[in-house]
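Chemist: Before I ask anything, here is the structure I am working with.
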Amino acid sequence: MMHTHPVEQAALAWLDANLARRDAARPAARASHGVGGIALHVEQVVKRYNGREVLHGVNLRAAPGEFVAIVGRSGCGKSTLLRLVAGLESADAGAVALDGQPGGTPSSVRVMFQDARLLPWKRVLDNVAIGLPRERHADAAALLDQVGLADRANEWPARLSGGQRQRVALARALVHHPRLLLLDEPLGALDALTRIEMQALIESLWRRLGFTALLVTHDVSEAIALADRVVLIEDGRITLDQQVTLARPRQRGTADFAQIEDTVLRRVMRQESPAASDAELHFRSAEEFLS
């Protein structure tokens, strides 16, 4: 995902803030959802841009509290699908339903992007508390504590590292008690160590709070570390739905983890089998030798 211009970033943050205020004005609707995850049903969804079909009759389901990761090559349609689930765009055919009700932009859904979209003129705690009535600001402080930033509450966003900014964005999403959290490559701009730390934090909060999660990522290892299922989209179609039954927390160095990662990676890279891959490698080596 491309980084946005500072002015555009501020505008997007302002939009997020106003959406949060709108949702905060609907306490009855929010309370009616209860707690825990929400069921997601994507049925025969089609999406076109300028006459070109980018999603072809996609079907996807997530049970309440399930963590589903979507992987695939750039341009395959995975972020488009997430935007449709978020209600940021409309499908040309098919339907998205949450707990059996038509999707839209309900207060039970929050999105976390690669860009934290923090308001630069508000301190960290105030960024988390956007849209909350003053009596709920203690909730914002509690979420900051849960993401490990209680001591940075009065800092300006500009003084935070990239990983810290994403922790604030995560707290801001979760303070509204979403039943569905949509993660659009939220860790893509972070260094490897910070990324692993954030993965552990997201998993910990997901297990504690019980929301349904839908993650879009290019990182197959990240998908397997976090998800109950890894879904592969190729050319606008779901071509793999891989269960991940490994015990949590996941250990990347194990043979079982590596086997699932290899299975998904080979599908992403469109390699049919280890034998086919080895044969291709030997063929290329022979070509290089003869050249």
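In case you wondered, yes, glycine gets a Cβ from its N, Cα and C as well.
Pasting the feature list from Swiss-Prot:
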- 40-260: domain 'ABC transporter' (DOMAIN)
- Gly72, Arg73, Ser74, Gly75, Cys76, Gly77, Lys78, Ser79: ATP binding site (BINDING)
Chemist: What is the pLDDT of the domain 'ABC transporter' (40-260) when averaged and given as a whole number?
Modeler: 95
Chemist: Using all protein chains shown, find which of the binding-site residues Ser74, Ser79 scores highest when you count other CB atoms within 10 A of its CB.
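Modeler: Answer by Cβ density within 10 Å: Ser79.
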Chemist: Quiz question: given the binding-site residues Arg73, Lys78, which has the greatest number of C-beta atoms lying within 10 angstroms of its own C-beta?
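Modeler: Most Cβ neighbours within 10 Å: Lys78.
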Chemist: Other than Gly72, Arg73, Ser74, Gly75, Cys76, Gly77, Lys78, Ser79, which residues of the same chain sit close to ATP? List them in sequence order, counting a residue when its Cβ is within 8 Å of the Cβ centroid of the site.
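Modeler: Not counting the recorded site residues, we get Thr80, Ile233.
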Chemist: Could you tally the C-beta atoms, other than its own, that fall within 10 angstroms of the C-beta of Gly75 (ATP binding site)?
Modeler: 11
Chemist: Using DSSP with the three-state reduction, classify Ser79 (ATP binding site) as helix, strand or coil.
Modeler: helix
Chemist: For the binding-site residues listed here (Gly72, Cys76, Gly77), which one has the lowest count of neighbouring CB atoms within 10 Å of its own CB?
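Modeler: Output over binding-site residues Gly72, Cys76, Gly77: least Cβ neighbours within 10 Å is Cys76.
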